[in-house]
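Annotation comment: TrEMBL describes Glu56 as active site, proton donor. Taken from TrEMBL, the feature substrate binding site applies to Asn43, Val44, Glu45, Asn46, Ala47, Ala48, Tyr49. Annotated Zn(2+) binding site per TrEMBL: Cys54, Cys87, Cys90, in sequence order. Taken from TrEMBL, the feature domain 'CMP/dCMP-type deaminase' covers 2-129.
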Amino acid sequence: MASLDTLFEAAKSIQTKAYAPYSRFKVGAAIATPEGQVFTGCNVENAAYPVGSCAEAGAVSAMIAAGGNRIARIVVMGEGDVLCTPCGGCRQRIREFAAPDTPIHVAGPEGIRKSFTLEELLPFSFGPDNLTDR
Ligand code: THU
């Protein structure tokens, strides 16, 4: 698995690529897979505001497109002093490919600010297991 330092630098780097002319709030996300790969994403806004997408969604898409399907850990980097925890929708996106104890590291430009487990951010979640007996 990629080191936390590597993941932090990857999130910081992709954050600069964000397209966020409306919110002016750039976000970068970097996923480490158990196989040692790193996939990144940034937020991509749109003049039709609801069509914009989050950094985490981009990173998940990149992982899936490359054939990965497990998140070992993820770093999310936002701007400003307030903790940039993943939005509700992105917690669910991460949940699809992660375990309850998967770490979600919230970062600022200076470093990791706080680390959570998926279960802390999305308790009693709905997931693939709910649909296994269909
Ligand atoms: N944003 C993300 O990319 N990830 C999150 O988890 C929270 C919010 C983006 C969406 C939008 O482009 C901007 O931050 C402001 O909400």
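Residue positions begin at 1 at the first shown residue.
Here the Cβ of each residue, glycine as well, is placed from N, Cα and C on the backbone.
Any TrEMBL annotation is an automated prediction that lacks curation.
Listed in chain order, the extra residues whose Cβ falls within 8 Å of the Cβ center of the substrate site residues Asn43, Val44, Glu45, Asn46, Ala47, Ala48, Tyr49 are Tyr19, Tyr22, Pro50, Val51, Gly52, Ser53.
Most other Cβ atoms within 10 A: among the binding-site residues Asn43, Asn46, that distinction falls to Asn43. Broken down with DSSP, the domain 'CMP/dCMP-type deaminase' (2-129) shows 40 helix, 31 strand, 57 coil. In the structure shown, the C-beta of Cys90 has more C-beta neighbours within 10 angstroms than that of any other entry among the binding-site residues Val44, Cys54, Cys90. Counting every protein chain shown, the number of other Cβ atoms lying within 10 Å of the Cβ of Ala48 (substrate binding site) is 7.
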